[in-house]
Amino acid sequence: MDLDKPSVWGSLKQRTRPLLINLSKKKVKKNPSKPPDLRARHHLDRRLSLSVPDLLEAEALAPEGRPYSGPQSSYTSVPSSLSTAGIFPKSSSSSLKQSEEELDWSQEEASHLHVVETDSEEAYASPAERRRVSSNGIFDLQKTSLGGDAPEEPEKLCGSSDLNASMTSQHFEEQSVPGEASDGLSNLPSPFAYLLTIHLKEGRNLVVRDRCGTSDPYVKFKLNGKTLYKSKVIYKNLNPVWDEIVVLPIQSLDQKLRVKVYDRDLTTSDFMGSAFVILSDLELNRTTEHILKLEDPNSLEDDMGVIVLNLNLVVKQGDFKRHRWSNRKRLSASKSSLIRNLRLSESLKKNQLWNGIISITLLEGKNVSGGSMTEMFVQLKLGDQRYKSKTLCKSANPQWQEQFDFHYFSDRMGILDIEVWGKDNKKHEERLGTCKVDISALPLKQANCLELPLDSCLGALLMLVTLTPCAGVSVSDLCVCPLADLSERKQITQRYCLQNSLKDVKDVGILQVKVLKAADLLAADFSGKSDPFCLLELGNDRLQTHTVYKNLNPEWNKVFTFPIKDIHDVLEVTVFDEDGDKPPDFLGKVAIPLLSIRDGQPNCYVLKNKDLEQAFKGVIYLEMDLIYNPVKASIRTFTPREKRFVEDSRKLSKKILSRDVDRVKRITMAIWNTMQFLKSCFQWESTLRSTIAFAVFLITVWNFELYMIPLALLLIFVYNFIRPVKGKVSSIQDSQESTDIDDEEDEDDKESEKKGLIERIYMVQDIVSTVQNVLEEIASFGERIKNTFNWTVPFLSSLACLILAAATIILYFIPLRYIILIWGINKFTKKLRNPYSIDNNELLDFLSRVPSDVQKVQYAELKLCSSHSPLRKKRSAL
């Protein structure tokens, strides 16, 4: 008999063994009082055929402590762990006896059967079959490692006869696969499925998709339009090395494996090319290297680079026992999910953390030729950071006098692109000239005055560029929280104490944010789940968490540290749903002013909509610590506020315009009512009121001194402090909650319209947009003055009281003429002392830190209730 093939009867018994074992176990469990069946089992059940020796008998007959020296001694060595109690040699035959005090014999046999038969198969199988079994075992291990870690509860697996029996049946069935499987795929029967092992090695000469001259590539493998695997992101590299291995199950070879490469950005992903592999062309059990050329029919690049990977296709039985994998997956689901969700790659951290600040002061232009343009402005770009200067009327020497701060990354190309643009009467924009600055070539901590000639036109730009190192930003886990270390916290507190108030005035403080978790988020995917991540913004500083996949209650447990440049900044935390290569979906947002932070206390914030005016679905848990120097914060209050990066311009909205008109109307009505009150006093409509007003007027005018002006304003602060205004958030919140403000797009696609009519439409739109902005500024200015006296921001109100008290004392002891003289000398000599100083109004800079009524509504913390979700409210109403 051929030793390589089992007998038909043995094969049939081997296939039915798992079913019989399961049935016997169920009977024993149902009748525990019934004694177990101790009938002797046929000795061929442990052998493939009559010609194969009984391995258990061979070991039993061997002298104890000495290996068996028979003809098959090299194949009958069984580990000592297999010789457990309950299996003893009865005689020279192969019958076994089981003790009634031990476990059921069928369980012990099932637990040892897989090992014994595997040894037997390896002993007598042909070399080709041995390679096939070994290959299948390797891929089983790879698939197990991808599905999750090994379970940490061995009693759940070792005691399961179903699992071991199915493993034994699988190994035996794999022996019946023909040895000529590598000749081609046409000879394979239809019930087979396949496992495709992909070793993603590297990419070469990929295309540039970022402004800094590099890309952040990652790879997606798709089959039938579904994404089966997504690689990690390699940041700032056109020759990335992934070195990732993945095993994908394949049901049919009549399809193509799509390989797509994307460039990862903060909000979207750019396409970098694709390729495909025809699965039917692959050879079984053979690893082949494939160099795939990337192509994109919509791109103008001829060479988009290549992707290098190894592919290996193996065959698996179609009726594979699925519960084997489901058991392991169920046992290790929590552990594998925890490892995947808590993984934040070092490359992602490195990509977010900047190590320097580039301060650029745009002073003026010299002999700039504007041509037919009527207005001019400057755009500055460093990587994906972009600023736009204010627009000035056409001039040969335009004076901008603006300052911009960029983040500097030492591992990236530090090329600053500067463009001068012009506008004509028809609002057409045209680039007038460009110039570049290599930031890496500039010295540190030194103001560099540069006169940069423009490339494509006459003229030059004069600016100051200063590169300052920055070491206050970090991303870490909860276990390595910076402020959790008492010594480090003491050191940071000492750095921002009052004794160091005049050292590095721009370094105001430090903010630490613990992003713990979110709950009850909106389901953005069709599966009823979301892939949420958090974006934290403090001014122009942005950091983000990793993505937690398929979860509406994600736990990030990350710690973010921001350097504070302005204590009046607002921390904006936005939750997005990652959507692959598409822009992320909005899941909620919350705005937290720094001065309203309660140190060291975990807080639950109700998420709001994009306009921060209505409650959205879900909550987020944050814990924040704020350490700052009050003197530095006060000095920074009277300097120009930091400009924001260029964002999409706001479009004309009728609802926003109506809201701003109402805001201006309220301020105007307050002034009108005051004038009517004075008029009523003059007309003696009320005798008592007019008498009191007349007496106050006579006493004030007779004894008036200049110090009384700040003193009167100080008394208003005291009055409102003693009797605080009820309802910090005005009634505007009620009207805004019932109004959904959405930007409306006004498009005109009719090609038959005359140019004159189009120009008129543009002109009217510009005028209305300007009126809208002016009305908003006026309304905000009046509301900020009111909120300053209402103690809306105690820090600013206290600072104003301190300044007014000092002004009262100064005006009391120093004559007015000397004060005016000092002020005039300071104004006239300011340019002589500092030629590059930027003019500003300290009072307006102070008021810009006070929130308006709209901002008060946006920054207000909503109360957490059981039905905080508007969706639940609607459902309950139905």
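Glycine is treated like the rest: Cβ placed from N, Cα and C.
Worth saying up front: this structure is predicted, and the values here are computed from it rather than measured.
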Matching range for Swiss-Prot feature annotation, region 'Disordered', among 20-46, 722-748: 20-46
Note: Swiss-Prot has ASP210, ASP263, ASP265 binding Ca(2+) 1, and from ASP216, ASP254 that site also includes ASP216
Hey, of ASP210, ASP263, ASP577, ASP579, which of those binding-site residues are within 10 Å of ASP585 (Ca(2+) 4 binding site), Cα to Cα? ASP577, ASP579
Checking distant contacts: for the transmembrane segment (802-822), what same-chain residues at least six beyond its ends satisfy Cβ-Cβ under 8 A? 705-707, 709-711, 713-714, 717
CB-centroid shell, 8 A cutoff, Ca(2+) 2 site ASP210, ASP263, ASP265, ASP270, site residues removed: ARG209, SER215, ASP216, TYR262, ARG264, THR268, SER269
Using the structure shown, find which entry in ASP531, ASP585 (the binding-site residues) has the sparsest Cβ neighbourhood within 10 Å. ASP585
Any further residue of that chain within 8 Å (Cβ to the Cβ centroid of ASP525, ASP577, ASP579, ASP585) of the recorded Ca(2+) 4 site: ALA524, SER530, ASP531, PHE576, GLU578, PRO584, LEU587
Using DSSP, how many residues in the domain 'C2 2' (334-452) fall into helix, strand and coil? 18 helix, 60 strand, 41 coil
Using C-alpha positions only, work out which of the binding-site residues ASP525, ASP531, ASP577, ASP579 is nearest to ASP265 (Ca(2+) 2 binding site). ASP579
Which residues, sitting 6 or more apart from ASP525 (Ca(2+) 3 binding site) on the same chain, put a CB under 8 Å from its CB? ASP531, LYS550, ASP577
Within 10 Å of the Cβ of ASP265 (Ca(2+) 2 binding site), how many other Cβ atoms can be counted across all chains shown? 15
